[in-house]
Amino acid sequence: MESIIEKAEILLEALPFIRNFRGKTFVIKYGGNAMDKADLRDAFAQDIIMLKYIGINPVIVHGGGPQIGQYLKKMGLESKFVGGLRVTDKETMDIVEMVLGGLVNKSIVQLINSYSGGHVKAVGITGKDGCLIKAKKLDAEEYFRSIGDYRPTELLDLGHVGEVEEVNPELLIHLDEDNYIPVIAPIGFDAEGNAYNINADFVAAAIAGALKAEKVLFLTDIEGLKDENGNTLSSATVSQINQMIKDGVIKGGMIPKVKACIQALEKGVNKAHILDGRLPHCILLEIFTKKGVGTEITL
């Protein structure tokens, strides 16, 4: 009987959060271990369906770097990286589009739909669809400088690696009105029709800003942001994060991720969250419990 009461208390704990977030939009960046393990993939899909059923509008932006690497290897092509960014020539870009926009995207869509009961449906798109993501070639020198990585200029032509220039949210708004869950591959295009592979964290931030989302959530392979003593922070402000970058507490691959959080907040998103995607149902645990399971970031 005691365990039954505990379950009821857990459900009741979620009630005020459900009430507050009903009708709101959450943009979720899906990647890392959460995509690689079957049990975590299932838990993610269940979380997304749960959000939709209780009246929250989830929008998913996914990565797929490891999958791209696997297919390049199968085709006898070498993966080259500069500071964590994949050098993407025209041939590589074609494979990126095939893997991200096709194989990875549709597998996520299929999994979510398998849990939907037919009442709501996921639909897979890229930034090319509906002119969703207008992009431009990444200013690599500026990008690396922003994360404290000063590289020789001659090493900075990354090919078809892009950055978001503009988001046209009209398609996403229509999909939401028709009860669809958008699943977005981070590929954009420019005025000349060139395709670009874009960091999915920054795509999620830009889309969240364009939709004026309530939250943007990043599934990662860490517990959350850590302080100088290695303790996980349950919350942090932008000023604290900037100081942690300055002090070298936040470094390496975490810098672009927190900068994506900051971009989203500056574009009007209420809160950003860095979650441990290795934890099953991390989305529900972060959103619908008082304690949460990650780091909540605010202005």
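Cβ from N, Cα, C; glycine included.
Just one of Asn194, Asn197, Asn229 is listed by Swiss-Prot for the same substrate site as Gly64, Gly65, Arg86, and that one is Asn197.
The record assigns Gly64, Gly65, Arg86, Asn197 to the substrate binding site, and the maximum Cα to Cα distance across that set is 12 Å. A Cα-Cα distance of 11 Å separates Lys257 (site 'Transition state stabilizer') from Lys29 (site 'Transition state stabilizer').
Taking the mean position of the Cβ atoms of Gly64, Gly65, Arg86, Asn197 as the substrate site, the remaining residues of that chain whose Cβ falls within 8 Å of it are Gly63, Ile68, Gly69, Thr88, Val96, Leu100. Annotation for Arg86 (substrate binding site): same-chain Cβ neighbours under 8 Å, separated by at least 6 residues, are Gly65, Ile68, Ser79, Lys80, Thr92, Val96, Leu158, Val161, Asn197.
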